[in-house]
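Worksheet for the structure shown next.
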Amino acid sequence: MASITPLSLLSPSSRFFFHFLFNSVVILLISCNLRSASAVGLSYDFYNKSCPNVDRIIHNVASQKLAEAPVTAAGALRIFFHDCFVEGCDASVLIASSKSNKAEKDSEINLSLPGDGFDVFFRAKRAVELQCPGVVSCADVMAIATRDLVNLVGGPRWEVQKGRRDGLVSKASRVPGNLPLGNQTIPQLISLFKSKGLSVLEMVALSGGHTIGFSHCREFMPRIYGYNKSFDIDPTMNQDFALSLRGPCPKRNLDPTVVALNDVTTPFIFDNAYYRNLQKGLGLLTTDQMLGLDPLTRPYVNIMAKDEQIFFDYFVKAMIKMSELGVKTGTDAGRDEIKKQGVSYALSLKGFSKRHNIAMHGLVVLGEVLRGIRAYSLLSLNDLRDNVPRKQKTRKGRGIGSGKGKTAGRGHKGQRARGNGKLGFEGGQTPMRRRLPKRGFKNPFSLTFQPVGLGKIAKLINAGEIDSHELITMKTLKDAGALGKQIEDGVRLMGRGSEQIKWPIHLEVSRVTVRAKEAVEAAGGSVRRVHYNKLGFRALLKPEWFEKKGRLLPKPARPPPKLKDKVDSIGRLPAPTKPIPFFTEEEPVSSPA
């Protein structure tokens, strides 16, 4: 004998309602736990002190943009969804690609993201930066702007927790597998949303965002042309609706700028008409229509189609939960990658590709499906116009016939007799600044030598920084701190402090004054003038640079002919052990004995 339970005594509809109520309570409890775990670091009053008017600023921008482009709300909602489902809500979808990295926004599935959605986020970011520079993250701007746009088109409003930080990494390779596709089955969609911590009920509620969305023809054309061997049109689709779509979406010569609205009844109003359309077979995408047919999701579709408030309640809960997916707080992420004015985060409206702007070029509105199709374009190529020309300034004094005055102080009654002359005006003759002769010039071939006095060298010798028994080269002076950071063309030995030299020293410098040379030779020392070019100085002072670059030390460079009487030898690299005599081309070089 079969056992009788209290549920078996109820009617089928009552049992379904009981199961639905029980599952809803369980899902609500789970969602609360998930929210408490994911919202760590977020708060409603995060900007109360640093930017108290952030909500009002973003709301004003969203209202203005929505008045300009009715598709803004749908575009922003879709971009926000794509951002949160890939590595969390961190505004990484706004980062532009570079030569070495392909960003999320340039992945194949994101190429159709509408430009109006990006535009409203950048406008809001710029407006916030004017009031609160460097305070509000782009991730929070996206969350607040999306909330306001949904509310402005008739949807619910909810409080947004703030404190998100922007991500610094955006890779297109992370997108595949994280976003739903139009040809996926319901179990595949459930598995995807479950991996993000979202339930079946929340998946159905978020799908209701298509009530203000639109899709390109290529996304639903397999349903209206050659569906399978048995049916030319998807049998789950309203046949009149499918035939009406063939007009704007022909099989051949398809216009890629044409899009169709997901909600054919109230395309720009956020309501539950999307679910009612699914019950009539008016779902545009395969995944949309399957929500109304699959036994796992059909009960939720029917309830939300019947009661709009239930849809709004679960949509708000799902949006709050989604907006807190993988958020980065505190030090989890760096400072905003999109800097002030939204310029350097990588994307400007000039950076959009043609495929990003497709949704802005054309829009097909489908209505009265059973009677046919009514289509119009919000913006077509034939609507493009040149910018309004600038109004020319009225030019006075073009003569009596112009009617705008006769001379207007142009000098007809004597120069500078009318109006204000420019500073330096001298009646037309050559001005004083040109009559004055030019004296002197800057010689681009002049050499700059860094001076070093004998007194400074003597102090370093007494301090033990320089060994007077060894040859003192320019590298020795550099290492001992006798020279500055930069040696341009060499070192000049000066006679300052020559009285401190009491012992013989031997030096190699680029130039030497007469007083310095006499002082060194009087003490029994010697001074030799050596020639190094720019590269030779680098090899002398920093030979490790060549080793790091994997290059050999350069060969000694001969001085120019005009300097042959100003040098005694050519610098040898590495540091010379003996002088290299310098000979002109005419003088023979004697072989060493």
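Cβ from N, Cα, C; glycine included.
Fair warning: this is a prediction, and the values are worked out from it, not measured in the lab.
Among the features that TrEMBL reports, signal peptide is placed at 1-39.
Long-range neighbours of Arg78 (site 'Transition state stabilizer') (same chain, six or more residues apart, CB within less than 8 Å of its CB): Leu113, Pro114, Gly117, Gly209, Gly213. The site 'Transition state stabilizer' annotation in TrEMBL covers Arg78.
His82 (active site, proton acceptor) falls within a helical segment according to DSSP. Using a 10 Å Cβ-Cβ cutoff, His82 (active site, proton acceptor) registers 20 neighbours. The active site, proton acceptor annotation in TrEMBL covers His82.
The feature substrate binding site is assigned by TrEMBL to Pro180. In this view, Pro180 (substrate binding site) is surrounded by 18 other Cβ atoms within 10 Å of its Cβ, with every protein chain counted. Taken residue by residue with DSSP, Pro180 (substrate binding site) is part of neither helix nor strand, so it is coil.
A Cα-Cα distance of 9 Å separates His82 (active site, proton acceptor) from Pro180 (substrate binding site).
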